[in-house]
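Annotated features in TrEMBL:
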| type | residues | note |
| --- | --- | --- |
| DOMAIN | B:71-283 | domain 'ABC transmembrane type-1' |
| TRANSMEM | B:12-30 | transmembrane segment |
| TRANSMEM | B:71-96 | transmembrane segment |
| TRANSMEM | B:108-128 | transmembrane segment |
| TRANSMEM | B:156-180 | transmembrane segment |
| TRANSMEM | B:201-227 | transmembrane segment |
| TRANSMEM | B:266-287 | transmembrane segment |
Amino acid sequence: MTDAVEIVPVGVRRAAPDGMVERRGAGLWLTHLLLIAGVLVIFFPIWLAFVASTVTQPEIARPPMPVWPGGQFLENYRKALFAGVNVPVATMLFNSLVMAMGIAIGKIAISLLSAFAIVYFRFPGKSVFFWLIFLTLMLPVEVRIVPTYEVVAGFGMLNSYSGLIFPLIASATATFLFRQFFLTVPDELAEAARVDGARPMRFFVDILLPMSRTNIAALFVILFIYGWNQYLWPLLITTDPSMNTIVMGIKQMFPSGDDVADWPVIMATSILAMVPPVIVVVSMQRLFIRGLVDSEK
Amino acid sequence: MEKRVTFKGWLLPLLLIAPQVIVSAVFFFYPAEQAVWQSLFIPDPFGLSMQWVGLDNFRFLLSDPYYRASFVTTAIFSTLVTLVSLIPALFLAVLADRLIKGAGAYRTLLIWPYAVAPAVAGVLWLFMFNTRVGVVAWYLGRLGYDWNHVLNEAEAMGLVVVASSWGRISYNFLFFFAALQAIPKSVIEAAAIDGARFWRRFWTIVLPLLSPTTFFLLVVNIVYAFFETFGVIHTITSGGPQQATTILVYKVYADGFVGQDLGSSAAQSVILLVVVGLLTVIQFRFIERRVHY
């Protein structure tokens, strides 16, 4: 399998200056203008959410709401973080963090081990295991929610971190990624390790793991976002508000019936829910793009 | 593919592979098998016993007008989400690709909505179009348009489509932009020397060279619209009004957890399983082809 696309560093290909294909003058400005318009349109919902998180409830209740931030920033965020609606948002943030980290670390750990076994050993039943793992690629958790829920309930794992994490690491994407990578590692390295009398785990820890650093980091970024943004699964198994994750908890903050929603606090929570994954994506952009391309091939 | 150099022993590899096999067996194979098994039964009203009904659940589903309607809804929804997320992304990528300087900055500005969860995106768009406080709904009202996605089926569909597509534009932009940057510049220049203007170059050279990426994105976005948009639907419309936005995955949830109709829900899971299988086969066939591309 090859990459879906090749990532070329921006600017490298465009080293030679010429004006034949690229736009100059008015055309260049128009290009910038359209791109800025696109960025603004995409940015608009977040801006409104941010503004709403800094004003008072009456200011929102009488539309149209203000377009510029008000003075309630600290108050609204403090209220959201430490009081919330059903449960303090700080608790939900912590739950989300545990779930996202658990999924990312758990999936990477079991995948590294099983990819190592599949690539570097011949053992009975290997191809059976390989195809069993391969099958798990095909079925998202959304499709098997009822029976998976029953399994988790049967283990008494409702409202627990392990119930949030384990069903979501039962998928083979990461295993395939590491398998593909291990296959590209030169045979000479394993040979040398064997000649030097290194045991398999020594080779794994001292040679294979350091070589996989970038792949692990790239995958971590993708899996962290995947875990953080889960909605359906936490909705099903966290009936206790103190176990809610932030992404699913926002909807629970809306009142049922005709009561008016506490929009400033809800919007502050929405902003808090997107800050961690956005920081991860923007600060690790290169790894993120790499992980995205890798995990889709 | 096999390594020529392998380590000896069989106990160690079995131990290494055990965690993944156990997790997959308990949380994947057993539930999947249960889904298939349950789809052949209906529980009695008290949930005390199960009655074997064979393929009746499937027969009932396929003749159920609500289920058929849900199929149509899913088809419309995923087509619209794919179009609404692909076309603006291609447009922005083509624009960014024309820049010598600053393309990287635009990429940074455009990719991060990918990180926003579909459910959170749903809340943001719900806020803008909320019939009571929504800014956009309010301005539409001033223009004489009475927006009410709580009652109007087309408006509800439009809103969940836009909310689902919004973050996806980032993802598609990234792939289109990378593919555009990978097109050899000499090809474009040769066409320019021959007098082909921008649009002609775009239609005859750039778009055909983008076709592998476009096809890949088509499949990936359909999968996304099918399975990952639950959060958007649940936060904005809860499948309503009159099931106008009840896509298949939402119906599995609504029938299984809200309606407690386990047999039907399991049968729906099995049908979805077949759909996922087909999509995966299409994707893999495509990847096979792409190797020779």
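Sequential numbering from 1, following the chain as shown.
Cβ atoms are placed via backbone N, Cα and C, with glycine included.
TrEMBL annotations: computationally assigned, not manually curated.
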Using a Cβ distance cut-off of under 8 Å, indicate which of B:71-96, B:156-180, B:266-287 has the most pairs with the transmembrane segment (B:201-227). B:71-96
Between the stretches B:12-30, B:71-96, B:108-128, which wins on the count of C-beta pairs under 8 angstroms to the transmembrane segment (B:156-180)? B:71-96
Long-range Cβ neighbours of the transmembrane segment (B:266-287) (under 8 Å; 6 or more residues past either end): 32, 34-39, 57-58, 61, 67, 215-216, 219-220, 222-223, 226-227, 248-249, 251-252, 255-256
